[in-house]
Amino acid sequence: MAALENPKGSTLRNAFGNVLSLFILLLIGILAFSIRLFSVIKYESVIHEFDPYFNYRVTQYLTKNGIYDFWNWFDDRTWYPLGRVIGGTVYPGLTLTAGTLWWILNSLNIPLSVETVCVFTAPIFSAIAAWATYLLTKEVKGTGAGLTAAALLAMVPSYISRSVAGSYDNEAVAIFALIFTFYLYIKTLNTGSLFYATLNALAYFYMVCSWGGYTFIINLIPMHVLLCIVTGRYSSRLYIAYAPLVVLGTLLASLVPVVGFNAVMTSEHFASFLVFIIIHVVALVYYIKGILPPKMFKVAVTLVVSVGLVVCCAVIAVLVALVASSPTKGWSGRSLSLLDPTYASKYIPIIASVSEHQPPTWPSYFMDINVLAFLVPAGIIACFLPLSDASSFVVLYIVTSVYFSGVMVRLMLVLAPAACILSGIALSEAFNVFTRSIKFQLPGISGNSETDAGDAGSGSIVTQNDAVKTDKNQDTVKERPSRKNKKKEKEIVEKASIKSQIEKRLLVLPLEASVLAIFLLVLLGAFYVVHCVWAASEAYSAPSIVLTSYSQDGLHVFDDFREAYAWLSHNTEVDDKVASWWDYGYQTTAMANRTVIVDNNTWNNTHIATVGTAMSSPEKAAWEIFNSLDVKYVLVVFGGLVGYPSDDINKFLWMVRIGGGVFPHIKEPDYLRDGQYRIDSQATPTMLNSLMYKLSYYRFVETDGKGFDRVRRTEIGKKYFKLTHFEEVFTTHHWMVRIFKLKPPKNRIRGKTKKSKLKASSTTSSKRSGTRKKNPWH
Amino acid sequence: MITTNQKTLPSFTPLVSSLSLSPEGDLAAKLNLFLAHPHTTNTKLKPKCLNFQALTSISSYSYPQVKKMGIRFDLFLLSVAILWAPVLSDLVLSKVDRRIDLTSQSVRVTSTLKVENAGTNPVSEVLLAFPDHHAKNLAYLTAITNEGKGKTKGSTVSLPVEVVHPKGMPPALTWYSLSLLKELGKGESVTLDVVAIFTHTLRPFPEEITQAETQLVVFQDSAFYISPYVVKVQSLSVKLPEPKVESYTKLENTKISGSEIKYGPYENLPSFSYTPIAIHFESNKPFAVAQELVREIEISHWGNVQVTEHYNLIHGGAQSKGEFSRLDYQARPHVRGASAFRNLVAKLPPRAHSVYYRDEIGNISTSHLWGDSKKTQLEIEPRYPMFGGWRTSFTIGYGLPLQDFLFQSEGKRFLNISFGCPMNEVVIDNLIVKVVLPEGSGDISVSVPFPVKQWQEAKLSHLDLVGRPVVVLEKTNVVQEHDQHFQVHYKFNNLSLLREPLMLISGFFFLFVTCIIYMHADLTISKSSASYVAKLQWDEVQAAIQQVQNIINRCLTIHDKLEASLRDLSRTGDVQACKAARKAADSYLKELSKELKPLLAFLQSSPQAAQILPKVEDLIAKERELQERLMLKHSTVVDCYEKKLGGREIENRVSSIQQKVTALRQEVDDLLEIIDEI
């Protein structure tokens, strides 16, 4: 009769567990969403930083003009006079996602502005990414680990830094796409279902649409497949998981304009094709092994292997020949700098100049993943107990992403999900062990059978109870013939549980030790949460277009950037061209709606070098360069008055370096005194005569009489000077943005004009010779 | 230029011809001369209003000439006056007192007219005349009369004003007619206060200034009151913002004291007297002009009136030229940037809440809000100081409590809210007020105290199905005085309030219902197809195998228990407890083997299970063997204990069995895994 009672009780318990985990997931989603709202609460609902402004502008265009115009969009407001083909050079995933969201909302008559949708896209997708993490980890190590990992990912600072409300950047949706693609891969690997394989290809397609980081997927999965084959774990499921992904995924990827034929022509993708060939060879071997008697098989193996090797060699030879014919060996600059961390600083200053492309420091690991850094090793160990296909994938994922994050601080973002998954596994396993030990030794329950102890399951995360059940309960799990996929899913979980059960019986720790350990683990978790909330509220929420500072007399707001952009947009002609260093290009086009010469999409090194040259030239030469580019206004960012450190003077070395890289008459040593950029009395005359110096410090000395620069903490070298070819038209309240206008050329007597013409022609010719140089960036 | 002249001539010919009839023939000749004068060929001439406009527009940039030509023109007007005087009714203005207030960017002219009926016929309307070039900038005109005889207690009543086109009047004048409340009999008199407000009448001169210069403006008008009636006594006083006057037209009886210039009194002037005066003075008041202001007032019957105002602002004064130096502006803002304005104050209704101030690129942080029970004041600063000709645009929004503005009368609701802009100094070129009523309201009517253009639209927002009716009112040239209340009457059923919540509820309800249906329904298209049947059978087989596995697992658990009891035995030596455990285990195992039988039978009968059956049978057999061995071991051990044999002895006896048990256990586990994989 007990048998009759049990099923009911356990289904109820099962259902309760499911509902509970659903509820926990919902809470995790809310947590992930709301922890990213600090920026809206502390500042305002506004697009952040630089790239998000471009994405926002593209989304605006998309919602206004529709998808077809978007694909064909030639943007003439940037890279003047070259322009930029936006539709073909942008990863459209993010904008299409936000555009679709906006379209759905508007067709339901919910009048949210495009800006609002864009601001909240990132938090929404981080909630979804947390759920995807749950699914992935569940496939690897069961529900408990899944929920822990999801909770960790919901607030991992590294991901928060790229997905706070307003940070409308590709990474926000790409991380979700990355995790979800991995989940579907693991799911296919576990089930061998072609349905999931197809979904996997689609998820991969979405990832390709969203971010250039898709190459990570298309290299990591082949690596895993290769690992499985090498370790003798080949199965038909592996084949189904991999082969359709390569075929469908590559086809779909080449549909994205920005990828196009790169999907089959660049070296980043070759690993996948190579492994594709290998897996077919292996599959053939297994097939032949199945149909032939052992003796015949040996003969066949030698045959197939030799033929396969010949084919492989031929293909590799062709590839090598192809690759060798291209100057960068078929690798894009960014990928090369990943493989060889010193490559960028040697050859491509423009990549090296971006702060997020620098290698990270140790504190940044602690800042970005915090306690996860210590939990990851434990997670790796847990993955080896027992090692399955899925857990080997996770281990491979963490190992590669640790390497990449060590090369480029930006790729910390790829490390974060892996760290969360492994830490989730580690925490969950640890809780599992400790709570089971406690339950086993508690006086009331210990009288029961040992197996009951397994019931305590996942400790703080209760919902593992459907996974870790007593034997009695397990018959009821499968009572109802439910959908096929569901069943399979459960079977796997159960299998793992049975196995682990056997081992668990042996692992019992002393009561006091486990209580203490649980306490410490909870403390660790609490520390992590506190750190994450601090990071979200203090470190990563600043929109960077509006700055605040606290002083004795309260909060100070520095809204100078928008002041300048608003001034530009209202008080200059629509077709005026504004020159500035490329950092401010996206913001100028998006906020001021003015044509810029260069912007953050650094596709043309020569053009950027031209602007860099102009900024580092003396006034007259600079005027000529700018005038030849139809520039009417020059915008410089100057932090010397209020102490804003990331201003143009501090970026000046890159202007000189990039400019000098293309135009040899700009020589870096001319600007250096004792190997340093200086603007004080020790500065070189070239430096003091450069346009950047003059525009930044024009009439600066009159503010305090000494010209004390608060960023460089020194008095400026040249204090009193006049501008002859430029005039100040606007300076913002805190002097952070200064806008100068090119004066119209003066009437000159004949003899002089001839001379200047001669000069102008010489500069243009030098420029031409510069452009002729092969640009390593493209 | 020739074309300009040709165009003007036809309209001018009648005047000239009529003039030639007049006794002062040489005047006409003068006029002709004047027409031929090179100045008339200036580009700024507007063909239609040549006779007044000609001079004034010339003077706007060749100002000194005004004085020379003014006198000539004055004479011309006199002649015109004499010519037309008999045509009009017998009204006489016994006293005209004009006060022109130039302290802000709009010109406020307050005229106190004492109208007397000198004729015999009772008169019910009084005509007011304004030169066309002024009239086109006329923003606001109202006439107030003091009713009642008692001078102090008269309640002020404003008179209806309308545009008229009386015949036979000189061109280039715009006429307004005031209808008196009661006819003016013979010899009776009435006092009228006429307030006229003109915008864009102060012209900056020079038109471009640098940052360091102050802004100078020119004001032009007639020293005499232009009227179709004879004016007996009149005076004019002009109030300036500051006592800094660059120059002004000096006539007889002109006095200047501080910031006030007085003309007159002048006595017994015929109708249409005109003497141009020009005053050139310093004015650094904010010339804030909203080229367009869209106010959207949205009523929510949930308790809120949301007002959103989109401003498109320009500094309408002298254009700024040359450099803008922040340094100079910050060091001495009143000297370097005197004409610029940096803030505006909006007077919002009391209890305004959720105030925001932003533009298309985000919040503007430079604003202050304070308030008391009577008003809420919002001081806003544009992102940058507004210099001449600079533009900006921004949005202000605030919520108001519904009960303060929405009332009910005669089964209808009406909204009573102010029309104009809450900022006093701002002149609005084009004001669009949109009143968004809740979805489902009907029977809409609007009452506005002055003429406006109006139409209706629909707006879709927040889950609307048919859209909300929007009343749009448009008015050009709006000044502070237009900030009066207007009413929108409409009918609305309270039940419509529940529409959207219900829609949401039902939407989610249907979503969940479809989910439930989807989860429970079997969506297979063909129920009889072989594959479907096979799938069902396979499912059953799987379930059966699952059960078998479970039973085996339970058996294994019981084995574990037995082992545990043996361990207990070795620890405590309690044989009885061990036997009891054995008994319980026996009965359990029997039950389980009973349960196993039907499952096995089912598997044997099912064709789908053919491939898996051997493994299952193998598993069961192995398990049974294991069971037997274990029992054997158990009984051996118990036996030994009963015989009180030594530990070493027991181990010897059991060890062979134990080996087999472990081996079997391993096999069973392996089999379970294999079956799992299938």
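One-based numbering along the chain as shown.
Using the three backbone atoms N, Cα and C, a Cβ is placed for every residue, glycine included.
Among the features that TrEMBL reports, domain 'Oligosaccharyl transferase STT3 N-terminal' is placed at A:19-422.
Feature annotation from TrEMBL assigns transmembrane segment to A:20-41 (among others).
According to TrEMBL, the transmembrane segment annotation covers A:85-105 (among others).
The transmembrane segment feature in TrEMBL is assigned to A:117-136 (among others).
The transmembrane segment annotation in TrEMBL covers A:142-160 (among others).
Marked as transmembrane segment by TrEMBL: A:203-227 (among others). Listed by sequence, the residues of this chain that lie at least six past the ends of the transmembrane segment (A:203-227) yet keep a Cβ under 8 A from its Cβ atoms are 91-94, 96-97, 170-171, 173-174, 177-178, 180-182, 184-185, 238, 241-242, 245, 249, 252-253, 255-256, 259, 263, 268-269, 271-272, 274-276, 278-279, 334-335, 392-393, 396-397, 400-401, 404, 411, 414.
According to TrEMBL, the feature transmembrane segment maps to A:239-264 (among others).
Per TrEMBL, transmembrane segment is recorded for A:270-288 (among others). Away from its own ends, the transmembrane segment (A:270-288) comes close to residues 218-219, 221-223, 225-226, 229, 234, 238-239, 242-243, 246, 250, 264, 297, 300-301, 304-305, 308, 311-312, 315-316, 319, 323, 330 of its chain (Cβ-Cβ under 8 Å, at least six residues beyond either end).
As annotated by TrEMBL, transmembrane segment applies to A:300-324 (among others). Listed as Cβ neighbours of the transmembrane segment (A:300-324) (distance under 8 Å, sequence separation of 6 or more from its ends, same chain) are residues 265, 267, 270, 273-274, 277-278, 281, 284-285, 288, 292, 330.
Annotated transmembrane segment per TrEMBL: A:365-385 (among others), in sequence order. For the transmembrane segment (A:365-385), the residues of the chain that approach it from at least six positions outside its boundaries are 140-141, 152, 156-158, 161, 391-392, 394-395, 398, 405, 412, 415-416, 419-427, 429-430, 503, 524-525, 527-528, 531-532, 535, 539, judged by C-beta separation under 8 angstroms.
The transmembrane segment feature in TrEMBL is assigned to A:392-409 (among others). Nonlocal intrachain contacts for the transmembrane segment (A:392-409), taken as residues 6+ away from its ends with a CB within less than 8 angstroms of a stretch CB, comprise 140, 182, 185-186, 189, 216, 220, 223-224, 227-228, 231, 233, 337-338, 341, 355-360, 364-365, 376, 379-380, 383-384, 415, 418-419, 421-422, 425.
Distant neighbours of the transmembrane segment (A:415-434): 129, 133, 136-137, 140-142, 144-153, 156, 158-159, 175, 178-179, 368-369, 371-373, 375-376, 378-383, 385, 391, 394, 397-398, 401-402, 404-405, 457-461, 464, 468, 504, 507, 509, 514-515, 517-518, 521, 525; these residues of the same chain sit at least 6 beyond its ends, with a Cβ under 8 Å from one of its Cβ atoms. Here TrEMBL flags A:415-434 (among others) as transmembrane segment.
The region 'Disordered' annotation in TrEMBL covers A:468-490 (among others).
Sequence-distant contacts of the transmembrane segment (A:506-530), counting only residues of its own chain at least 6 positions beyond either end whose CB sits under 8 Å from a CB of the stretch, comprise 152, 155, 370-372, 375, 427, 430-431, 433-438, 440-441, 459-460. Annotation comment: TrEMBL describes A:506-530 (among others) as transmembrane segment.
The average pLDDT computed over the domain 'STT3/PglB/AglB core' (A:575-634) stands at 89. TrEMBL lists A:575-634 with the feature domain 'STT3/PglB/AglB core'.
Per TrEMBL, the feature region 'Disordered' maps to A:748-778 (among others).
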Please list the DSSP helix, strand and coil residue counts for the domain 'STT3/PglB/AglB core' (A:575-634).
33 helix, 10 strand, 17 coil
Could you give the residue numbers and ranges of same-chain residues that sit at least 6 residues beyond the transmembrane segment (A:117-136) on either side and whose C-beta is under 8 angstroms from one of its C-beta atoms?
25, 28-34, 36-37, 40, 45-47, 52, 55-56, 59, 94, 97-98, 101-102, 105, 146-147, 149-151, 153-154, 159-160, 162-169, 172-173, 175-176, 179-180, 182-183, 186-187, 417, 420-421, 424
So which of A:85-105, A:142-160, A:239-264 is most in touch with the transmembrane segment (A:20-41), counting Cβ pairs under 8 Å?
A:142-160
Could you pull out which residues elsewhere in the chain have a CB under 8 Å from any CB of the transmembrane segment (A:142-160), counting only those six or more residues past its ends?
21, 24-25, 28-29, 31-32, 35-36, 126-127, 129-131, 133-136, 175, 367-370, 372, 412-413, 415-417, 419-421, 423-425, 427-429, 431-432, 457-458, 461, 463-464, 466-467, 493, 496-497, 528-529, 531-533, 535-536, 539-540
Long-range neighbours of the transmembrane segment (A:239-264), counting only residues six or more past its ends (CB under 8 A):
71, 87-92, 185, 188-189, 192-194, 197-198, 200-202, 204-205, 208-209, 214, 218, 221-222, 225, 272-273, 275-276, 279-280, 283
Quick test of the contact rule: Cβ under 8 Å, at least six residues beyond the ends. What residues does that give for the transmembrane segment (A:85-105)?
55, 58-59, 61-63, 67, 70-75, 112, 114, 117-118, 121, 124-125, 168-170, 172-174, 177, 206-212, 256-258, 601, 603
